[in-house]
Every structure is written in C-alpha cells, then in structure tokens.
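S.K.: So TrEMBL lists these for the protein:
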- 1-94: domain 'PH' (DOMAIN)
- 129-213: domain 'DEP' (DOMAIN)
- 236-340: domain 'PH' (DOMAIN)
Amino acid sequence: VKPNIFFGTVLNSWKAVWVVLSDDGVEFYKKKTDHSPKGMIPLKGATLISPCQDFGKRTMVFKITTEKKQDHFFQASHVEEREFWVKDIKRAITCIQGGKKFARKSTRRSIRLPETVNLTELYTLMKDQDDGVRELKLEQDNRVFNHCFTGATVVEWLISKGKARNRPEALMLATGLLNEGFLQPAGDMSKGAESAEQTAFLDHTNALYYFADSGFFCEGYSSDEDVLLKEEFRGNIIKQGCLLKQGHRRKNWKVRKFILRDDPAYMHYYDPTKGDDPLGSIHLRGSVVTAVEYVPDAKKYDIDGNLFEIITSDETHYFLQAATAEERKEWIKAVQAVSKGGK
C-alpha cells in the first residue's frame, strides 16, 4: 500500500510520521528515509474506529486499538485520504482474521479478471483529457462533488472504447479498477457498496466515483454567498496534501495542509489540527518555484532534503519540504503550471 505522511500520537504528543501498511501491521517512521520503523502496530485482533471524535477540534482522525487494548491515533490531511487508509486497514484486519495474507492485488483473482487485462494501462486511457472519462461537477444530497463521474458513465465508456463487449463485462473491469484503488467511491450510494473483502462497483447514474490521483473534493452549500464567491477559493483544486513549512518570523518548521487552486492561482495553508479557516494564502501568479538543496536554519531543526522555494511576484519567499523527492517534483510541476496559467 502506498505509504503516506500522517500525524500520529507518539509518546502522547502529535508528530508527523511516515506510515506504511504491511500485510500484518502498521509501521510508522520518523521520516521517509529511515531504514527501521519507530514502531509497529500489530493488526491481529485489532479494531479500527473512524471517524474518531476523541480529540475535539482535531478532524480526520482514526483510531486503531490493538488486541492488548493499546490505542493509536492517526490524522490524515483530508477526508479522501483517511477513507482510503481506513478501507485498506480494515481489509488487512479481516484478512488476518481469516488466516489470509492482505494484498491489494489479490482482488484480480477474486473477480476473475483475465491475466491479459492491464489495469494500469486502462486507467491511463480513462484519464486521457481528450478521449477519456470526463470529470464533472455533480450535485447530490445538498453537496457538490468536483472532478467526479457516475458508475454508468464508466461502464458506457468501457463499452464504447471496445474494452468490454457488454455491461456485465464492463462492470467486472470497473470493479477491478475500484478494488485496486485506481477509482475511489464518492457519495453515499457508492460508499454504501463497500464490504470488508471488496467493494462492489455500481452501474448507476447516482453512484459517484473519482480518479484516485485527481483533484476531487466535495463541498456543502453555504447560505453565506460571500464565502462561496470569495475570489481566492473559486479555482479548481489541483493538488492537496501536507508539507513542512518554515515560519516567516520564528523560522521553525511546522506541518501544514496545503490546497493548490488554479484560477485564480492560490495556495492556501491550514493547521490540520484545527478548523477549515486557512492560516494564510500564497498568490502564485507570476511566482517562481524551484528545488533547493539548502535553507538557512533548516539543519538546526533536523530538516534536510526534498526542499523547495516559492518566490512570489512581490518577492516573498516561502520554504517548504515534501516527504519524498517524487512528491517535491509533483508539487513544483503543479505550482509552475498554475503560476503561468492562473490569474
């Protein structure tokens, strides 16, 4: 399973940790480059609670309680990330109970997909901007789902592109994509089709799904039109996640959740332990973003590697650190794109 950065309670204080799900436990590391984990939570006999309300203002928290009744708390950076992890950890626990090894790839056998089917290739075709499945803004149950599509649309696309001969065959392919994590459920109907072993894909116009690495986000209606129309928040979300940010005054480094929007081009940053109000915003139009190898005072805080800098058009400097080199590359590419195209 893809590792990720989370907050975790390590010795009763919240720290950013690198988390990896193995077939029998959850390992957490101080940082991505460490060779040995700081700790491991065994999943045999464990239970998982999500959402976990034990911490008041902290949202996106889930709790793993081990067989020996030890509680471990983790906080994701956004809802979709938490649900992705919760689903896989629950499946791992179920597999262990049944004496099986947890592996996300095992869904291929359980739904009898032919060995000739290349799901990665199929997913790439589905995401093609001109010829793939169109990402839309859809309304349902007083909520707006951005960058998503319906189950029926996926099935019809698979048939129209000759990837399946009929709806049952297309449904089998879509189920494979869903259970391998390429597609994710959005909205109550598609999420309700989940079971411990695998998730059923619904060929329905009210079942909503999104690409796992897209800019999907969901928003509720607000009676306060000023909030909805506030210029900075009107762009599509291009990328979101946690980064370490250097403070402007004290020069200390803190984990912040960042949301990058395209038009107008803004990056808002939040304290993930608090509510939905941003701590600040970076206007990216005309900004310059580059990878850097050295930041003054960074080593003092044990911050090293995967650093990058954003210099805005008014000469404000922001220093940030990604969890991996690949993630740094992705952020730089995304910020460069919106700084050129966004207003």
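Note: Cβ is positioned from N, Cα and C throughout, glycine not excepted.
TrEMBL: automatically predicted annotations, no manual curation.
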S.K.: Would you list the DSSP helix, strand and coil counts for the residues of the domain 'PH' (1-94)?
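M.R.: Grouping H, G, I as helix and E, B as strand yields 16 helix, 38 strand, 40 coil.
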S.K.: Give the residue counts of the domain 'DEP' (129-213) per reduced DSSP state, in the order helix, strand, coil.
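M.R.: DSSP composition of the domain 'DEP' (129-213): 27 helix, 23 strand, 35 coil.
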S.K.: For the domain 'PH' (236-340), what does DSSP give as the number of helix, strand and coil residues?
M.R.: 19 helix, 45 strand, 41 coil
